[in-house]
Every structure is written in structure tokens, then in C-alpha cells.
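Undergrad: Okay, so TrEMBL annotates it like this:
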- 6-24: transmembrane segment (TRANSMEM)
- 80-165: domain 'PA' (DOMAIN)
- 186-208: transmembrane segment (TRANSMEM)
- 242-259: transmembrane segment (TRANSMEM)
- 266-288: transmembrane segment (TRANSMEM)
- 308-329: transmembrane segment (TRANSMEM)
- 336-354: transmembrane segment (TRANSMEM)
- 360-384: transmembrane segment (TRANSMEM)
- 421-440: transmembrane segment (TRANSMEM)
- 452-474: transmembrane segment (TRANSMEM)
- 481-499: transmembrane segment (TRANSMEM)
Amino acid sequence: MATIQNIFLFVGFLVWIHIMALAADQKSTDMVNVKPGCNNEMKPVKIVNWINGKEDDFIVGLSAQFGAILPQQLNEKTKMPVVLSNPLDCCDASSRKLDGFAALCARGTCTFTEKASIAQRGGAKALLMVNDKDETNEMTCAQNETDVHITIPVVSIGKFVGDSLNKSLVDGSRVEVLLYAPVRPIIDFSVAFLWMMAVGTVACASLWSEIVEDDGNYNSPKTGEEKQGSEDETLDLSVKSAIMFVISASGFLVLLFFFMSSWFVLLLIVLFCIGGVEGMHTIIVSLIHSKWRHFGRKTFPMPLMGNVSYISFGVLILCIAFATFWVAYRRASYSWIGQDVLGISLMLTVLQVARLPNIMVASVLLCFAFVYDIFWVFLSPLIFHQSVMIAVARGDKSGGETIPMLLRIPRILDPWEGYDMIGFGDILFPGLLVAFTRRFDKANNKRKFSGYFPWLMIGYGSGLAFTYIGLYLMKGHGQPALLYLVPCTLGVTVVLGSVRGELKELWTNSPILSTLGNV
């Protein structure tokens, strides 16, 4: 089983890539208003586009600090054709007719306001400014510009989508766009479902042995020799391994930041599927044997694997088929279901394989993770000029592929669509502590609220809720979830242990606990 342990450890290593869902707080207007000057709030803009009359995927842009304020409602009457400016940087009067068109421009030597003024004088109805990177650019006024009178909407778009529009126009296609800035709701119901998935995963992992009634063995029923060896399948973390894990994770995150590519993400997808298949197989077989103790005992020999039960082999084939289907349709609108099933299965099994032996190791692991999360989200821009965690999570330079190490669910009420997400690390690392408290309670015959497990579940659920509250209060800026989860789990354990006079026992762990499985 060493190979399986290595797979879980490596996949667990990758879960440090936390992905935070971004939200935008927007005020709305019912019609386009002219607002001279440079006081506009820069807002996300939804650009619906048509190529030769066929609607394409919408483009996300960013409005400028100047120009017309876009409406919040979709209005087909405001659809306009697009034309390439000549020169393309819009720093001189265009030789092409701009009257009645949305001008497509590229970054050049003149300022954003100069581009907009030139396009406006040429009769353009809007200006689409293509950035030199695959992200939108904040278009502000120069310091010496105080009297700006731009009356057309000005929107920045990323290089990838801008080049795509450019190519369509060069090929002679008719391109039309419609610009508006819909309001994103403050709260979307999908957050509640995501919260329930995360909390439910931690609770099920902590109570798994009681669910399958297998006396602590996380895998399917085994023979006597197999049971003897199954105890070696659990991995007790140490202080040294916890420290090295965080240091290694930081190095791996930097590696992803500099060398992210589509093939790299595909490698992560393969590893994710391997872990997900193993997790699904373990869970399904365990549930089957928990209901039918003697079902599937008949085995047959397989090369390199020894004797394998027919039921185990059949379940494995189904799990592989499920993962293969998800990979093939991972970009479909319903692919989040398969990703969540594989992800939850993986995490349930990882939380059975890995365990914390005491609060001392938990404190080192979670405190280092706490600092890690804050540094790579908030402080890394001081060194790398952008948040490394958010850049990796966003999948920059990934060729359109997305990193799968997260749970996600579609936003139900959001006109921008998209997903609310939570990284595996925000479930696994607090989950290790919650699972430890469950084992501690059972070992010391603590029941209900006289123990630690119920309080830790409340703390984890509250910390996750605080994460989303912080996300909305910070207007969608990425939040390190462990900033809230560590105090609400480790902090609660330390305070409660101190009040009860059991902190020393928690810190070193009682002998009775070491004799129990990962219950």
C-alpha cells in the first residue's frame, strides 16, 4: 500500500492550492449616463458578442475610471458593430470609419483618455481597449488630467479575447457587441450548499468508522493478515513532517506560479483522478461490506495485485469509468457534479489515511498553514507584484484548463454565472484536527458536548461562514480561508482544553488513544 500512500501524500501536497470565489459589489443604473471626469467606479462589464449573427461566449471586461456609465440590464437596442481602428493603438485619428461602431484598440504610446477622446471624435459609440496581458487593465486618468469629457463607454478586455475578436474582424466576419454591467447579488444560495458540502465532508470523515461499523479500518473488510497490515496504512504526522510539508508546499506554489501551463494542469487532473478513483472505490466497497458482511468474499488472482474480490474489481471498473467520463466532459456545464464527487471521495479517504497524533503537531501544522495562507494571498504581491495564490488559483497561463483540487457549485442567482469554490486544503487541514478530537472523545468516553468534537464542528462551520462574510465585506477580494478557520478550530480546542484542565493531555495525547484506529 506504499504506492497508494505516496499518491495520497502527493495529491494532499497539491491541495494547498486554494481557490477563492471572487464576488463584485456593484451599484446599478437603469440607463447609460454621461459622467464627465475621472470619478467613475471601475466595474466588471459583461460583453455579449455575436460573430456573423451567432452568439458567442460572453466576455468579461472592466469599465474605465472615466466615460459613460453602463446600464445594469441587457438591452438589445444597444447592440453595436465592432471595427478595428487604424492605427490599432487609437493614438491618431482612424482612417477607418468609426461612426456608429465600437472601436477595438490596443495599448500604445498615448494615454487611455487620449485614445477615448480620439475615438469619440471619430464618432465611435464605445471603445474596447485590448490589454497586452490575458486580464483586464485598470484604466485611470493621468495625474495631470483634471478636465476629462468622455461621453462614450470605455472598457478594457484581456489579450486572449481581444485577439480572438481581432482575428474574426481580419477574416471578414461581422462582429457585434452589447455592453452592460449587471449587478451581482450580495448573497447567492450556492454558498449555503458549498458550506454544507464542506462541513458534511469533515463530519463524515470524522465519523466514518461508525458509519461503516468496521472498528476503525477505513478500507473494506480484510482477512486477518490484511487487517494486521491495514494499521500501517494510516500515517501519523510529526512536527518535522508538518514543517517540511508547508515549506515544500511554498516551493511547489512558486513553481506553479512561474511554470504553469496546460500540460501541467493536465498532469494535476490525472493525479486528481487517480486519488478520486481510489477514494470512491474505498468508500463504495466499505459501504457494501458494512451492509453485507460476507458479500463479495469470492476472489480471483490478478498479476501484481494478488487475490482480488469480484465486487472490488467491479466497483473499480465503475469508478474508473466515472472518472474517465468526467475528464472527457470536464468543460461541460454539469462537470462540477463529477468533480465534487471525486473530490469528496478523495478527501474522505485522505482523512482516514492521515491523522494528527496530538495537539502539538496540530498546532505546528495549522499555525504554519495559517501564516502560509496569509503570506501567499496578501503579502506575496510585495515580492511578485501580484498575489501568487490567487494567480495560481485563477489558472493564469493554464491554456483554459482549471485546477481540479477544489469543490465548486454554480452560482444560482448570479447573472455573471461562474462558481463558488473552496480549496481542498480548507477542508483537509482543519478536518485533520476535527477527526483527532473525535478519536480523543471516543478514547476518553466523552459524550456529546462534554467532548471536543461537537464544539470543533461548530467552530469549523462558523469559521467557514466567517470566510464568506469576509469575502463579501472585502468586495470579492480573495480571502485566505485558514485566517478564519484556524482560530475557530485550533483556537477553540486550546481554549476549551485550558478551561477544562485537559490541555496537557491533548498536547501530548493519552496512551489509550494510540491504541485506537482512525475512528
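Please read every residue number as a count from 1 along the shown chain.
Glycine is treated like the rest: Cβ placed from N, Cα and C.
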Undergrad: Which whole-number mean pLDDT does the model give the domain 'PA' (80-165)?
TA: 89
Undergrad: Could you count the residues of the domain 'PA' (80-165) that DSSP puts in helix, in strand and in coil?
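TA: DSSP composition of the domain 'PA' (80-165): 17 helix, 19 strand, 50 coil.
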Undergrad: Are the transmembrane segment (452-474) and the transmembrane segment (481-499) close, by which I mean at least 3 Cβ pairs under 8 Å that are 6+ residues apart in sequence?
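TA: In this chain the transmembrane segment (452-474) contacts the transmembrane segment (481-499) - 3 or more Cβ pairs sit under 8 Å.
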Undergrad: Six or more residues out from either end of the transmembrane segment (360-384), which same-chain residues have a Cβ under 8 Å from its Cβ atoms?
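TA: For the transmembrane segment (360-384), the nonlocal Cβ contacts are 16, 18, 20, 237-239, 242-243, 245-246, 249-250, 253, 257, 390, 425, 429-430, 432-433, 436, 478-483, 486, 489-490, 493-494, 507-508.
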Undergrad: In terms of Cβ proximity under 8 Å, which residues at least six beyond the ends of the transmembrane segment (481-499) contact it?
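TA: For the transmembrane segment (481-499), the list is 18, 20, 359, 362-363, 366-367, 369-370, 372-374, 422-423, 425-426, 429-430, 433-434, 437, 452, 455-456, 459-460, 462-464, 466-467, 470, 505-507.
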Undergrad: Using Cβ atoms and a strict cutoff of less than 8 Å, what residues sit near the transmembrane segment (186-208) while being 6 or more residues removed from its termini?
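TA: Distant Cβ neighbours of the transmembrane segment (186-208) are 25, 218, 340, 344, 347-348, 351-352, 407-414, 419-422, 426-427, 430-431, 434-435, 437-438, 453, 457, 460-461, 464-465, 468, 472.
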Undergrad: State the non-local partners of the transmembrane segment (336-354) in its own chain: residues 6+ outside its ends, Cβ under 8 Å from one of its Cβ atoms.
TA: 5, 8, 11-12, 197, 201-202, 204-206, 208, 218, 233-235, 237, 272-273, 275-280, 282-283, 322-323, 325-326, 329-330, 404-410, 419, 424, 427-428, 431-432, 435, 518
